[in-house]
Ligand code: MF3
Ligand code: CO
Ligand code: CO
C-alpha cells in the first residue's frame, strides 16, 4: 500500500504531537530579534521540547543532522543548520522548521518570521507562500486526487510570478518522520492516488522569488540554497484527512485559519 490510514488511537497521538510542534513556533517568536544567533534559537527550542514538553526533537541525529531544528535564512530554501556564527539581522526572513516526537508520533511544522523592517518583496514572498499552503488545505477531502494539491499551489505561486521548488516535497507522517505518500507542490497528473479519511501528511511548499533551481551546499551536506541566490520562503502544516475536509494538526493559536476545515463542495 502506498499510503497509511491512521487508527483512532494514532490520530489522537498525532493531534498531541502536532499541537506540541505548533507550540514551539509560538514560543520562539519573542526571541527572534536582530543579534540572536541561530544556535541560540536552536538551544531555546531544544530545551523547550525536551524539558517543558517532555518530547524529542526529531531532527537531531536524523540521517546525521547535527541540530534540533532547521533555520533557513533568506536564500536558504530548507535544512539550514543552526550555527553560533549565523546572526539574525534586520530585514532577514527566516524559516524555522520544527519536528517533534511525542509518544512515538511525529508533528512537523514550519513558518516564516520577518525580522524587523523587511522589503516589500520579502513580505510578498512570505505571504504568497502561506496563501499557497492555505489554498491547498481548503481543497483537501476524501476522493480528491493527490495531484490537485500540487496543482493549486503551483498555479497560485506562478500566477504571482514566483517559482515552486521541485526537489523537496511534503510527506506522509506518523511513527516515521517521512512516510508515503510524497506530496508534490507542483502538478504531476501521475500522482492520482485519491485522498482517504485517516491519512496524515504534511504540505510544505518552498517558493522562490527567482528561478526554481536549488543546490545543496557541499561543505555541510544539508543547507539547500536557491541557485540564483534569490529569496525563498516556506510554510508547513501536518494535516489529517477527515470525512468533512481536513484538520490542521499543527495550527497555531492565533493563526487565521480554522483547525477544522469543512471542504465539502
Ligand atoms: N522538517 C523537515 C521536513 O519538513 C525535515 C528536516 S530533516 C533534517 O520534512 F534532518 F534536516 F532535520
Ligand atoms: Co515535513
Ligand atoms: Co518540517
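Yeah, the Cβs are placed from backbone N, Cα and C, and that goes for glycine too.
These figures come from a predicted structure and were not determined experimentally.
Sequence-distant contacts of residue 79 (substrate binding site), defined as residues of its own chain at least six apart whose C-beta falls under 8 angstroms from its C-beta, comprise 65, 70, 72, 222, 223, 224. Per TrEMBL, the feature substrate binding site maps to 79, 178.
If you look up TrEMBL, you'll see 97, 108, 236 marked as divalent metal cation 1 binding site. DSSP gives residue 108 (divalent metal cation 1 binding site) a strand state. Counted within 10 Å of its Cβ, the other Cβ atoms near residue 108 (divalent metal cation 1 binding site) come to 26, all protein chains included.
Of all Cβ atoms in the shown protein chains, 25 besides its own fall within 10 Å of the Cβ of residue 204 (divalent metal cation 2 binding site). Residues or ranges marked as divalent metal cation 2 binding site by TrEMBL: 108, 171, 204, 236.
The domain 'Peptidase M24' feature in TrEMBL is assigned to 12-243.
Taken in sequence order, the binding-site residues 97, 108, 171, 178, 236 that lie near ligand 3, meaning a CB under 6 Å from one of its atoms, are 97, 108, 236. If you take the C-beta of residue 171 (divalent metal cation 2 binding site) and look for same-chain residues 6 or more apart in sequence within under 8 angstroms, you find 177, 178, 179, 180, 181, 182, 183, 201, 202. It is 10 Å from the Cα atom of residue 97 (divalent metal cation 1 binding site) to that of residue 204 (divalent metal cation 2 binding site).
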